[in-house]
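Accompanying notes for the structure given below.
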Amino acid sequence: MYELSPSILAADFTCLGEQLAKLEAAGVRWVHLDVMDGMFVPSISFGMPVIASLRKQSKLFFDVHLMVEEPQRYIEAFRDCGADSLTVHAEACRHLDGTLRQIRAAGMRPAVALNPATPLCSLDHVLGLVDMVLLMTVNPGFGGQSFLPESLPKIRSLRKLLEETGRPVDIQVDGGINEETLPAVLEAGANIIVAGSAVFGEDIPGRVERLTGMMREHQGT
Ligand code: DX5
Ligand code: ZN
């Protein structure tokens, strides 16, 4: 399964509902919601009230990426405001395993994120608890950064590990993905593609079509 998950961090916040409707009309199924707490990352973005408002207007799959210290504190709150998938950073959780189990018990898809410098062995004891691993392809905190090519061997290693163990886990990539960098991450084995600045701006449907066209082409090969 391949999905484009546009990050609204790059959207026009004065008309978020309309922007989500445009994504839906363009055939997108997922939307990526970046929550930042000003502690785990320097910036602060938005939280539950914004997500709850969008939930009332949208049937998109809400892929919520928490860049938040000790996110275990907020699991039920994000479920209640409409998250379908909840991603926590391994670096931000004192009890990663308990946090992931609690996300599943709350009825959401659990996912774990790793910063660029966090090794894949951090996943050793939690891979059986998640539906998705998010490999950051920039250091989290801001949209519009440049893709780190060092992440490609890491994506490849994780894909190989998942194939060897036969685990049905998605690999998501996030940060600096655009028409130039997309082919390399697909080739390396990513199947859920986050893109912020490459999707929002003039001509959202055209940008979506170009990115998803590349994904379909890859899938066909
Ligand atoms: C970065 C966020 C990303 C970001 C991606 O910390 O997690 O989701 O919005 O933005 P682009 O695609 O512009 O790099
Ligand atoms: Zn993100």
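Quick reminder: no glycine exception, Cβ is built from N, Cα and C everywhere.
Annotations in TrEMBL come from automatic prediction, not curation.
Marked as substrate binding site by TrEMBL: SER7, HIS65, GLY141, PHE142, GLY143, GLY144, ASP174, GLY175, GLY176, GLY196, SER197. Of all Cβ atoms in the shown protein chains, 28 besides its own fall within 10 Å of the Cβ of HIS65 (divalent metal cation binding site).
If you take the C-beta of ASP174 (substrate binding site) and look for same-chain residues 6 or more apart in sequence within under 8 angstroms, you find SER7, HIS32, HIS65, ALA113, LEU134, LEU135, MET136, THR137, VAL138, PRO140, VAL194. As annotated by TrEMBL, divalent metal cation binding site applies to HIS32, ASP34, HIS65, ASP174.
Feature annotation from TrEMBL assigns active site, proton acceptor to ASP34. ASP34 (divalent metal cation binding site) falls within a strand segment according to DSSP. Its own atom aside, the Cβ of ASP34 (divalent metal cation binding site) has 25 Cβ atoms within 10 angstroms in the protein chains shown.
Per TrEMBL, the feature active site, proton donor maps to ASP174. DSSP assigns ASP174 (substrate binding site) to a strand segment in the three-state reduction.
Note: the divalent metal cation site is recorded as HIS32, ASP34, HIS65, ASP174; in the same chain, SER5, SER7, LEU9, LEU33, ASP63, VAL64, THR87, LEU134, VAL194, GLY196 also have Cβ atoms within 8 Å of that site's Cβ centroid. Among the listed binding-site residues, namely GLY141, GLY143, GLY176, the Cβ with the most fellow Cβ atoms inside 10 Å is that of GLY176.
For the binding-site residues SER7, SER197, the largest tally of other C-beta atoms within 10 A is found at SER7.
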